[in-house]
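Chemist: Dropping the structure in here first, questions after.
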Amino acid sequence: MSAALMPTYARLPVAFRRGCGAWLEDTDGRQYLDALSGIAVCGLGHAHPAVAEAVAGQAHTLIHTSNLYEVPHQSELGERLCTLAGLEQVFFANSGAEANEAAIKLARLYGHAQGIEAPEIIVAENAFHGRTLGALTATGNRKAQTGFGPLPEGFVRVPYNDPHAVAAAASERTVAVFVEPIQGEGGIVIPDAGYLAALRQVCDQHGWLLMLDEVQSGVARTGRWFAHQHAGIKPDVVTLAKALANGVPIGACIAGGPAAGVLGPGSHGTTFGGNPLASRAALAVLDVIEADHLAARAEALGRRILEGFREALADHPGIHDIRGRGLMIGIELTGPCAHLVREALDAGILINVTAGSVVRLLPPLILTDDEADRLVNTLTPLIANAARQLAGSTADRA
Ligand code: PMP
């Protein structure tokens, strides 16, 4: 890696020069099946022609219009997202962290409007919401926070997947509950079926906003447009980014009900948010997902991949759990397995290990059945081997 870059990332020693569908090609011409999509970014795969045409067409017309003026593509995208989410208004940003900052600021204004001077937002242990200061404080990863104090006040942390803990931690200063409907960085943690409905209920009871970070789980990845739709509830705020424009930077904070109308004139802003290039790319993404029924496809593919891994690995000592919803899949081992990332890379598959022991798979929604099977068949022996070693080392200790 160039010494000119701040060494903030632990990068793998590979560089890609082009991509096509679910495949990436490195600078030596070697092909890799991308089971990570840049961590849920390229839902439509690489170099999707509809996105490429939208971006090129817009670049030839107009790249940047400031938010001092009307941006018709942004308006159209906002309306499309509101319809999909059943919400009313969107603020466009440029990343997930920034979409979450908008949500946090919105919740604080909402509290101030009710006379709450020091509003508190309830957030979850193990959560990930981004690296800007507000989002970092909402994030439940101490390592990510270390060294960056003083962090902003006004966040109360509770265990994930426990609605009673939310009620117990609340105070008269509580204004919102902010969680991921499935924790991504935290290890593909899928809460119990009633969790989001219970949060909705407690928020309704007390007049708190229910805010969901769908930066990783949104845009059809889990088999629905939004992961919370599996729970049959409607939040007050949803944040999106990553897959929304298939790799072109964009973030969105979508609000409805009591959260709509909170961010008024002059309250928030960003130069590039929802610019015509990003908005056109996102509109193309929504069109393709709809036309190609990719939400349903994500669900079917997810089932196929999960069944494949369960058949091959379930009874294996050293495998703790195999879980997923749509194409958000986690294979949890009984101990650390970060070495699998490099082994999979050498085998031509891009994966990621999160929370130390969870193999995370977020393949593009355009994967073919053959590619899905190849993913399972190539990864299975690597994971089985790691699991065997973990089981062996546990047996040694016992
Ligand atoms: N929220 C969630 C749930 C995420 O997974 C991430 C990124 N991994 C973020 C927020 C931050 O997004 P960004 O990197 O675009 O700021």
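The first residue you see is number 1, and the count goes up from there.
From the backbone N, Cα and C atoms, a Cβ is placed for every residue, glycine too.
Here's the feature list from TrEMBL:
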BINDING   Gly96, Ala97, Phe128, Asp213, Glu214, Val215, Gln216, Thr271  pyridoxal 5'-phosphate binding site
BINDING   Arg131, Thr270  N(2)-acetyl-L-ornithine binding site
MOD_RES   Lys242  N6-(pyridoxal phosphate)lysine
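Help me picture these features in the structure, burial and contacts included.
Modeler: In the three-state DSSP assignment, the secondary structure recorded for Phe128 (pyridoxal 5'-phosphate binding site) is coil. Around the Cβ of Phe128 (pyridoxal 5'-phosphate binding site), 26 further Cβ atoms fall within 10 Å across all displayed protein chains.
Within 10 Å of the C-beta atom of Arg131 (N(2)-acetyl-L-ornithine binding site) sit 15 other C-beta atoms, taking all shown protein chains into account.
Annotation note: Lys242 (N6-(pyridoxal phosphate)lysine) sits in a helical segment as assigned by DSSP.
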Chemist: Could you tell me which of the binding-site residues Glu214, Thr270, Thr271 have their C-beta within a distance under 6 angstroms of some atom of ligand 1?
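Modeler: Checking each Cβ against ligand 1, none of them comes under 6 Å.
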Chemist: Considering Cα atoms only, can you say which of Arg131, Lys242, Thr270 is the nearest neighbour of Gly96 (pyridoxal 5'-phosphate binding site) among these recorded positions?
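Modeler: Closest by Cα distance to Gly96 (pyridoxal 5'-phosphate binding site) among the recorded positions Arg131, Lys242, Thr270: Lys242.
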Chemist: Can you name the residues of this chain that are 6 or more positions from Glu214 (pyridoxal 5'-phosphate binding site) yet have a C-beta less than 8 Å from its C-beta?
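Modeler: Listed in sequence order: Glu180, Pro181, Phe226, Ala227, His228, Val238, Thr239, Leu240.
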Chemist: Tally every other Cβ atom lying within 10 Å of the Cβ atom of Val215 (pyridoxal 5'-phosphate binding site).
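Modeler: Counting Cβ neighbours of Val215 (pyridoxal 5'-phosphate binding site) within 10 Å gives 29.
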